[in-house]
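**Student:** Got a structure here, written out as structure tokens. Questions coming.
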């Protein structure tokens with residue numbers, strides 16, 4: 001099989017993921033109406049989990065195939081895209097994004113802590129099952145903290161019985177089957193592309209797979225542009241970063257640990273450095289004027305392009 005064939009398979013898989021997760025997003029908007037809870041909380045939890053589903057299933061599939069480095073690259077690459085590309089798109093297309101809520105609610109500090117946690121745990125170049133338990137435990141704490149803050153939690157409990165459960169369950173299962181199938185195709189194609197093009201899986205996860213599994217977030221961002229839903233965009237971005245850093249990696253390493261000591265070249269330090277830079281720049285922009293404007297969006301987009309160029313140059317060297 002040629003590299004082009006595997007590349008096309010990855011594209012088909014990513015397109016299928018986009019369609020499946022779109023169903024999840026539509027369902028969550030109906031849930032928000034029914035439960036009368038804030039769209040920010042919905043975006044922060046339900047939508048971010050739904051749009052992180054591709055990363056989760058890719059992580060599980062790659063771990064079962066004993067290639068967890070693909071999931072690690074995917075998680076880091078997706079987080080870089082979330083902090084740069086996906087924040088820049090709505091600002092460049094439409095209008096500046098107000099960041100006041102994530103500063104006042106201290107959500108920005110949550111995302112800094114949770115996103116840096118796996119990097120700290122990886123200082124010995126090994127993410128084991130105990131590390132996975134830590135990551136999943138911190139994600140559970142995060143969910144409880146957000147739910148506790150939600151003023152609509154009691155209304156959620158009261159109105160639960162009025163949901164058309166079987167319809168939502170059928171939609172969930174149908175979408176999940178598509179996600180499972182598409183993720184299997186993506187992982188197998190990535191493994192094939194790694195051999196055919198002589199690229200390591202870490203690079204493929206950081207770039208192609210990360211961009212592909214970030215398509216649901218991009219689609220969700222564009223949809224919310226029409227309605228000027230700044231908070232939904234930010235809630236999804238922050239929730240997705242936390243999910244990628246804790247839920248996705250936690251499940252992955254529980255199945256199969258990530259050991260960079262075996263093959264130090266499988267994942268480059270430059271990717272983690274770029275992620276740290278992207279996080280610090282995002283933090284600076286968020287706190288400075290409580291908005292992200294067009295010049296800042298151009299800078300973020302340029303940072304993402306620079307990341308892709310560096311990764312590609314290092315790969316072909």
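Backbone N, Cα and C atoms are what each Cβ position is placed from, and that goes for glycine too.
Here's the feature list from TrEMBL:
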- 6-25: transmembrane segment (TRANSMEM)
- 6-147: domain 'Sodium/calcium exchanger membrane region' (DOMAIN)
- 37-64: transmembrane segment (TRANSMEM)
- 76-95: transmembrane segment (TRANSMEM)
- 107-123: transmembrane segment (TRANSMEM)
- 129-147: transmembrane segment (TRANSMEM)
- 168-187: transmembrane segment (TRANSMEM)
- 169-310: domain 'Sodium/calcium exchanger membrane region' (DOMAIN)
- 199-221: transmembrane segment (TRANSMEM)
- 233-255: transmembrane segment (TRANSMEM)
- 267-286: transmembrane segment (TRANSMEM)
- 298-316: transmembrane segment (TRANSMEM)
**Student:** Going by DSSP assignments with H, G and I as helix and E and B as strand, what are the residue counts for the domain 'Sodium/calcium exchanger membrane region' (6-147)?
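**Tutor:** So the domain 'Sodium/calcium exchanger membrane region' (6-147) is made up of 122 helix, 4 strand, 16 coil.
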**Student:** Under DSSP, the domain 'Sodium/calcium exchanger membrane region' (169-310) has how many residues in helix, strand and coil?
**Tutor:** 118 helix, 4 strand, 20 coil
